[in-house]
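Asker: The annotation active site, proton donor is assigned in TrEMBL to C117. Positions annotated as phosphoenolpyruvate binding site by TrEMBL: K22, N23. For R93, R122, P123, V124, E125, Q126, D309, I331, the entry in TrEMBL reads UDP-N-acetyl-alpha-D-glucosamine binding site. What TrEMBL records for 7-410 is domain 'Enolpyruvate transferase'. Per TrEMBL, 2-(S-cysteinyl)pyruvic acid O-phosphothioketal is recorded for C117.
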Amino acid sequence: MDKLLIEGGTPLAGEIAISGAKNAALPILCACLLTAEPLHLTNVPRLRDIATMLRLIEQMGVAVTHDGANGVVLDSSGLSNPLAPYDMVKTMRASILVLGPLLARHGEARVSLPGGCAIGARPVEQHILGLQAMGASIHVEHGYIQAGAGTGKRGLRGACIVTDMVTVTGTENLMMAAALADGETIIENAAREPEVVDLANCLVSMGAQISGAGTDKIRIRGVERLHGATHRIMADRIETGTYLCAAAASGGSVRLTGTSAAYLDAVVDKLLDAGCDIVAERDAIRLKAPPRLKAVSIRTSPYPAFPTDMQAQFMAINCVAEGSAVIRETIFENRFMHAVELIRLGADIRIDASNAMVTGVERLQGATVMATDLRASASLVIAGLVAQGETLIDRIYHLDRGYEGIEEKLGQLGARVRRIR
Ligand code: EPU
């Protein structure tokens, strides 16, 4: 298993390009299942999760053609096997995103029920309840979601759905299913995440009739069929935020291109509070850090509030900031696994249920630590960059799921980072 060796102490400086968003690309790859015509996607990040999703849809009968480094053409005219097997779903929960599109176009689906994961139980009953409200018959058998609906007029029908909680992939699954349902679907309490909007934009360019994406009420008027389209995946706001944090913690100065501050208000505000200078350009962001950050408290909530996917990175920057901060996680019940590893690097963190009290120390010290999930790994990288001496991060396959070329990008910014195979 690959490890990452980081020699800390160098302020990050320079410019890097931000990749396409993993969490936009994953649902958009599944949108190809809704049409028999080719879907051409650009700015698709080269990540492990993307490769897993491509393998999943390929084994269903989708023809996948790579087009340069970050382009892909998906042709699902030969879709024949509407199955998401356990061994794929267990490595990537986002596999559940094939359920809605398969049901809508193919009239049936068999998708392994995802188990729990490192950050929480993460059930999917809202996806199932919403599809049932649209007329699907669904039962769980031998660990698989068996779903059936007819196709065309006898298939899914429009419904009013109010989800019990804000769910990102739940909203995406239902929006994709509703695109081909008979009649109008309204999703209330919908997720407002920018990735939901990017998916809606792609569906609209495929001929879907969707309004309200980006608000908590999305209306979808089902159409008989969708057609092919070309779509560019939006920039990854979490990758952007992660590099901003790395630069901030290291006392550096960076410019991130191919991205925008537009979807990062909550994160940018906290970095300003911490003492950073930030300039939002049209397609780039510049950050200059003070010699030492001030501690900033955060509370995670659905978009547009502070994202849970940036919580671990802010815990890392608070570890070396001046003062104390409280980090409150409200989305996932077990998303503090990085805290115990940060403590191994000398951080002062006390956990009380869903609150973490972090008191900044002058210096962290390098040590061997273990990555437990994607964003936890990112926080360990940030800590390693500012720690004295060498930090060895084990199990970095988590990082490869969500950060394209992380050691190359950090290297471009002057960090001393090496992958050990
Ligand atoms: N929930 C339920 N029942 C459901 C659906 C969700 O109880 O049927 C709960 C979850 O357990 C959680 C909360 O609702 O407590 C929100 O979960 P959500 O469904 O929004 O999460 P998700 O769609 O599974 C996506 C991202 C995550 C990100 C969350 C929250 C993708 C592929 N994944 O997950 O990204 O943390 O939204 O913003 O879009 C990551 O990239 O590292 C990552 C984990």
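Heads up, residue numbers simply count up from 1 along the chain you see.
Any Cβ shown, glycine's included, is placed from N, Cα and C.
Map the listed features onto the structure and describe their local environment.
Answerer: Long-range Cβ contacts of C117 (active site, proton donor) within its own chain (separation 6+, distance under 8 Å): R93, D373.
According to its DSSP assignment, K22 (phosphoenolpyruvate binding site) is helical.
Non-local neighbourhood of I331 (UDP-N-acetyl-alpha-D-glucosamine binding site): T300, S301, P302, T308, each in the same chain, at least six residues away, with C-beta under 8 Å from its C-beta.
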Asker: Could you tell me which of these binding-site residues, E125, D309, has the fewest other Cβ atoms within 10 Å of its Cβ?
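Answerer: If we count Cβ atoms within 10 Å for the binding-site residues E125, D309, the smallest count is at E125.
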Asker: Distance between R122 (UDP-N-acetyl-alpha-D-glucosamine binding site) and N23 (phosphoenolpyruvate binding site) at the Cα atoms, whole Å?
Answerer: 16
Asker: Widest Cα span across the UDP-N-acetyl-alpha-D-glucosamine binders R93, R122, P123, V124, E125, Q126, D309, I331, in Å?
Answerer: 22
Asker: Are there any residues in the same chain, six or more apart in sequence, whose C-beta is under 8 angstroms from the C-beta of K22 (phosphoenolpyruvate binding site), and if so which?
Answerer: P45, L47, D49, I50, D236, I238, E239, R401, G402
Asker: Based on a Cβ-to-ligand 1 distance below 6 Å, what subset of the recorded positions N23, C117, Q126, D309, I331 would you report?
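Answerer: Those recorded positions that pass the cut-off, since their Cβ is under 6 Å from ligand 1, are N23, Q126, D309, I331.
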Asker: R93 (UDP-N-acetyl-alpha-D-glucosamine binding site) has how many other Cβ neighbours within 10 Å of its own Cβ?
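Answerer: So the number of other Cβ atoms within 10 Å of R93 (UDP-N-acetyl-alpha-D-glucosamine binding site) is 17.
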Asker: Counting all other Cβ atoms within 10 Å across every protein chain shown, which of the binding-site residues N23, R122, P123, V124, Q126 scores highest?
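Answerer: Per the Cβ count, the most surrounded site is N23.
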